[in-house]
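Chemist: Copying in the features that Swiss-Prot gives for the protein in this structure:
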- 180, 209, 214, 230, 290: S-adenosyl-L-methionine binding site (BINDING)
- 315: active site, nucleophile (ACT_SITE)
- 349: active site, proton acceptor (ACT_SITE)
C-alpha cells in the first residue's frame, strides 16, 4: 500500500522516518531496514498495447488523466523481461492476426524462467496456430487469454529456488498465484523470520493466507507441525506439490478462509475439508499472517491473539496500524522490519514480531 497520502516518500530513509513516527505508540526501538537494488528488481510487469498507424507499442495509461505513455524500457523489471520485450514486440508487429485486438501483456519471471501472457478482445481459438508459432519461435512459455478462454503453450507453471540461511527451497507456481514480486526482498523477509525463530522456543505453527507455501516451506523445519490455510484451491495444489519438491512432511494444508478456521478452532462449526486434520493435536506457539491490503478482520484478530507469538507481514502500513491497536491489548511489538520492496516508490512492506504481554 502506498504512503503517498502522507507525503512524497521515495527513499527507504524517508519511509523509515515516517514509519518511526507513525508507529511510535507501538514501537520505539530500532527498526531493521532491508534495501533492494534500484534496477531490475521486479519479477512481474503488466503493460498495455497501443495501436497507431497499423503498428503496435507498449504503453501505460495514467489511471486519473488517462494520458498514455509509450514504453520502450522498464528499468525496474527483471533483466529477462527487459531483454524479451523488444523481441516480442517485433514479432507481434509482423503478424496482423496476433496484433489485432491485442490490448495487454503480463510478464512473470523467476530466477530460472520467464512466462508471457497476452490479453485479447477476441476469440483466441481463431489464432491458436499463430500463438503456437510465437511460443515455438521465441522459445517462450506463453499464455493467451480472452473472455472465458485461456490457451497455454509449453507450460504456465514456473519453477523458483530461494536461498534461505544456506538452504535451497524449491517452488512451483503460475501467474494466477499471489507472488512476492521482488525475489531478493522476499528472501530477506523469509530470512528475517527465520532469524527470529532461531531465538525462540517453538512448538507448532499456524499460518493464515499461505498461498503456494512461500513462507510455509522455509519455516516448516523450525516446528514440529504446521497448519497452513488458504482459500484458493490452485494455491493449495501448488503448496502440496512444493512439499514434495522439498521432501517436507510436517505441513498440513486446509482450504479454509481465516473466518472458517476461527469457527473450526472454536468448535462452532465442522468442515468436511478438515476431515483428515485433528485440530486438537496442534499446540501452536507461533502464528504467521500475511494478509491482503485490507488487513485482518476482527474474527481473525480474536483468533490469533490467543497465541503466544505473532508474525505479521504487511503490505499496508495503514491497516497494520489499525490491527496493532487491537493486538497491542494482549501483545507487545518486539521486532519491526521495513522492506523496500518497490524502490523509489511510496510503497513499503513491513514485518512485525509480537509476543504476549
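Placement of Cβ uses the backbone N, Cα and C atoms for every residue, glycine included.
Surface or core, plus neighbours and distances: that's what I need for these features.
Modeler: In this view, residue 180 (S-adenosyl-L-methionine binding site) is surrounded by 23 other Cβ atoms within 10 Å of its Cβ, with every protein chain counted.
Sequence-distant contacts of residue 349 (active site, proton acceptor), defined as residues of its own chain at least six apart whose C-beta falls under 8 angstroms from its C-beta, comprise 185, 189, 313, 314, 315, 338, 339, 340, 341. For the recorded site, residue 349 (active site, proton acceptor), the DSSP three-state label reads strand.
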Chemist: Would you identify the secondary structure of residue 209 (S-adenosyl-L-methionine binding site) according to DSSP, in three states?
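Modeler: Residue 209 (S-adenosyl-L-methionine binding site) sits in coil per DSSP, no helix or strand.
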Chemist: If you count Cβ atoms within 10 Å of each one, which of the binding-site residues 230, 290 comes out on top?
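Modeler: Ranked by Cβ atoms within 10 Å, first place goes to 230.
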Chemist: Cβ-Cβ under 8 Å from residue 214 (S-adenosyl-L-methionine binding site), same chain, 6 or more residues apart: which ones?
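Modeler: Set apart from residue 214 (S-adenosyl-L-methionine binding site) by at least 6 residues yet with Cβ under 8 Å, we have 171, 179, 180, 186, 190.
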Chemist: Return the residues near residue 209 (S-adenosyl-L-methionine binding site), defined as same-chain residues 6+ apart in sequence whose C-beta is under 8 angstroms from its C-beta, sorted by sequence, else 'none'.
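Modeler: Spatial neighbours, sequence-distant, of residue 209 (S-adenosyl-L-methionine binding site): 229, 230, 258, 289, 290, 291, 292.
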